[in-house]
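These come from TrEMBL:
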TRANSMEM  26-46  transmembrane segment
DOMAIN    41-292  domain 'G-protein coupled receptors family 1 profile'
TRANSMEM  58-78  transmembrane segment
TRANSMEM  98-120  transmembrane segment
TRANSMEM  132-154  transmembrane segment
TRANSMEM  197-221  transmembrane segment
TRANSMEM  242-265  transmembrane segment
TRANSMEM  271-291  transmembrane segment
Amino acid sequence: MGLFNVTHPAFFLLTGIPGLESSHSWLSGPLCVMYVVALGGNTLILQAVRVEPSLHEPMYYFLSMLSFSDVAISMATLPTVLRTFCLNARNIAFDACLIQMFLIHFFSMMESGILLAMSFDRYVAICDPLRYVTVLTTEVIAAMGLGAAARSFITLFPLPFLIKRLPICRSNVLSHSYCLHPDMMRLACADISINSIYGLFVLVSTFGMDLFFIFLSYVLILRSVTATASREERLKALNTCVSHILAVLAFYVPMIVVSTVHRFGKHVPCYIHVLMSNVYLFVPPVLNPLIYSAKTKEIRRAIFRMFHHIKI
């Protein structure tokens, strides 16, 4: 028990965008629109996959998992972000901040694992189509989804305890409108090397490895596609990957930019750091339903039929 007998603030103070405090009321409008699109669009995809028999296929099961993680990330950040920007209510209890931190990192890592599972789905569909149904059974899909969730929980379970062992006495002001592990550990007036090393280990062993295997799967897909004689077949095969590639870019590009700016952009203005972190968390849940609705005609048809039935 003595390990956690250290000084903690009763609450943290969240921050919107430094230097743009006077514009927070204006920024709350676009933020609300983004949340409506993220929650509404992803919920719509979840419902479409649930009620439409033609979407009861591996690709769409993985898509529903992706939509679920996007909804969860949005719900985890929504209360504090809207309170900060709309009501200027900046305080959050210490334990509530720990819970929010864990949920944000948990569902972000889960989304990375789902994107990896989706790349495996595309690999099997293109490189070994005759075994697609036998390889990606309902049991296998469920196991992959549970595996992504279990990996996230096991890997991130130590984070709240690594924060609780640190005496936080420098300040209680966080630099975002939500709680993140790197932001919280910087407020400690003690050695944070264990937190930093573990955070880097988590980043490389999960997100880094996921991105590596996604890249490898597309190398194998391109090799298989280029061996196809017909140009039409090549285009058709690659077209089935476009939505997933765009979702991967929407997720990983902001993450890489944020990591690069935090590590090497010491002289970059603070509001740039905050804006890029917000882009990383808010943009993928908004873009994913738009990408899949625009690029996948089966999703569009299912959504149209849903609204048609509602109208009737």
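For all residues, glycine too, the Cβ spot is worked out from N, Cα and C.
Any TrEMBL annotation is an automated prediction that lacks curation.
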Cβ pairs under 8 Å between the transmembrane segment (98-120) and the transmembrane segment (26-46), at least three: no
Contact call for the transmembrane segment (26-46) against the transmembrane segment (271-291), three or more Cβ pairs under 8 Å: yes
